[in-house]
Amino acid sequence: MAGVRHDDGSGLIAQRRPVRGEGATRSRGPSGPSNRNVSAADDPRRVALLAVHTSPLAQPGTGDAGGMNVYMLQSALHLARRGIEVEIFTRATASADPPVVRVAPGVLVRNVVAGPFEGLDKYDLPTQLCAFAAGVLRAEAVHEPGYYDIVHSHYWLSGQVGWLARDRWAVPLVHTAHTLAAVKNAALADGDGPEPPLRTVGEQQVVDEADRLIVNTDDEARQVISLHGADPARIDVVHPGVDLDVFRPGDRRAARAALGLPVDERVVAFVGRIQPLKAPDIVLRAAAKLPGVRIIVAGGPSGSGLASPDGLVRLADELGISARVTFLPPQSHTDLATLFRAADLVAVPSYSESFGLVAVEAQACGTPVVAAAVGGLPVAVRDGITGTLVSGHEVGQWADAIDHLLRLCAGPRGRVMSRAAARHAATFSWENTTDALLASYRRAIGEYNAERQRRGGEVISDLVAVGKPRHWTPRRGVGA
């Protein structure tokens with residue numbers, strides 16, 4: 001793990017080795033930070049957050065909704081509690097969607113009409129980026145210039161719109177990719193198709209254009225550098241958070257009673273979207289080798305999983321384990337916490353995972369996790385301390401790992417691991433995440449303003465005079 005650069009508020013940035021598994025960090029990338037002193041004076045008053053393909057109000061575990069949706073909503077709520085307004089732009093997906101939803105004081109969601117409400121696949125959304133961008137720009141145009149201080153785009157589709165908004169509004173663009181096409185394509189599950197070249201091109205453009213890039217882990221920082229040639233000095237590592245008021249240890253007996261589960265049954269939970277990428281089939285196939293183990297699957301079909309929405313149910317029947325597999329729909333946070341407390345362990349066998357929020361939420365409830373050693377999961381789970389990491393997706397290996405962890409959980413070691421899991425998860429608070437987000441925003445605003453001052457406004461003034469956008473600065477690899 002790379003060293004974490006830490007600004008202690010004095011303007012001097014010291015480097016230290018990170019504590020393994022600590023919460024949100026303020027890494028500036030492998031090349032180190034700039035020497036500029038960024039302060040609270042660069043805090044934004046209002047953030048325009050862009051989420052083209054999925055609403056932060058969508059139920060995680062359905063459609064394309066998952067950890068990214070939780071991240072957007074929770075970070076917006078916590079920024080608002082610090083006096084920073086957040087306006088979230090997302091595509092309307094139903095005629096009943098109101099134009100504006102006031103979620104909480106300081107947080108509102110703008111549902112932008114762009115294309116048909118239903119039946120539009122995520123891979124068709126690039127055809128509606130112009131319509132979405134028009135809706136975003138029109139919303140800003142009713143205000144005086146300078147209404148938004150910064151744009152934060154989530155996922156590459158939003159980055160395409162954010163790039164335009166940045167140029168039009170003359171404010172910095174911060175971008176969070178959440179996933180990268182090249183990473184997903186390198187670890188495809190059976191039944192999954194590769195991400196299209198269009199996405200790879202679009203991601204490269206956004207990486208080149210963004211003023212700052214936010215990634216979930218140091219590993220993701222290395223990926224965006226190696227795959228897209230990102231400038232390390234423009235990267236900030238910000239770990240997602242967990243709601244520690246909801247996800248906390250509790251009474252397992254009470255949780256099992258609420259779900260109608262026997263107290264002495266061995267229970268493994270899988271929570272997530274039902275699609276090959278998340279690999280729920282691995283859990284079922286492993287369970288077939290472990291008599292007496294009950295599997296609870298909570299989530300709905302998504303992505304390529306929509307082609308066979310009942311595929312997992314049929315697989316359980318084919319494996320002869322239907323009687324000990326319980327399928328639940330996507331759960332609210334409160335019900336999800338109950339499920340985590342009821343389980344002996346939670347399985348996260350994904351082929352690709354930029355972080356793995358479910359793993360941290362489960363550990364916050366004191367439940368150990370068995371997870372694939374991919375992406376951000378080695379950060380989310382401390383191997384041998386709060387759970388077990390499995391290399392690869394061989395079913396026998398997963399069955400052995402689950403069986404071993406279940407045996408540990410049944411003895412004194414299980415109590416030690418449960419306490420360690422809760423302590424580890426506590427380092428991933430949304431307060432820590434918000435601190436790191438604000439640090440990134442300050443850098444973006446401070447560096448952006450410093451660059452404008454350095455140029456003396458001459459280039460911008462000249463461009464405005466000839467009818468160009470208020471801000472236009474081509475980056476490497478992006479033509480005029």
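Every residue, even glycine, has its Cβ placed from backbone N, Cα and C.
Mg(2+) binds Phe340, Arg341, Ala343 as Swiss-Prot records it, and from the list Thr326, Thr367, Thr386 the residue named for this site is Thr367. By a simple count of nearby Cβ atoms, those within 10 Å, the most crowded of the binding-site residues Gln59, Asn69, Gln331, Thr367 is Thr367.
Other than Phe340, Arg341, Ala343, Thr367, the residues of this chain whose Cβ falls within 8 Å of the Cβ centroid of the Mg(2+) site are, in sequence order, Arg252, Ala255, Ala269, Ala337, Leu339, Ala342, Val346, Ala362, Cys365, Gly366.
Counted within 10 Å of its Cβ, the other Cβ atoms near Glu353 (UDP-N-acetyl-alpha-D-glucosamine binding site) come to 26, all protein chains included. For Arg273 (UDP-N-acetyl-alpha-D-glucosamine binding site), the nearest neighbour among the listed binding-site residues (Asn69, Tyr155, Arg199, Arg341, Thr367), judged by C-alpha distance, is Asn69. The shortest Cα-Cα distance from Lys278 (UDP-N-acetyl-alpha-D-glucosamine binding site) to any of the binding-site residues (Gly67, Tyr155, Arg341) is found for Gly67. Of all the binding-site residues listed here (Tyr155, Phe340), it is Tyr155 whose C-beta has the fewest other C-beta atoms within 10 angstroms.
Considering only the binding-site residues Asn69, Tyr155, Arg199, Ala343, Thr367, Glu361 (UDP-N-acetyl-alpha-D-glucosamine binding site) has Thr367 as its nearest partner by CA-CA distance. Residues near Arg199 (1D-myo-inositol 3-phosphate binding site) in space but far in sequence (CB under 8 A, at least 6 apart, same chain), listed by position: Trp156, Ala181.
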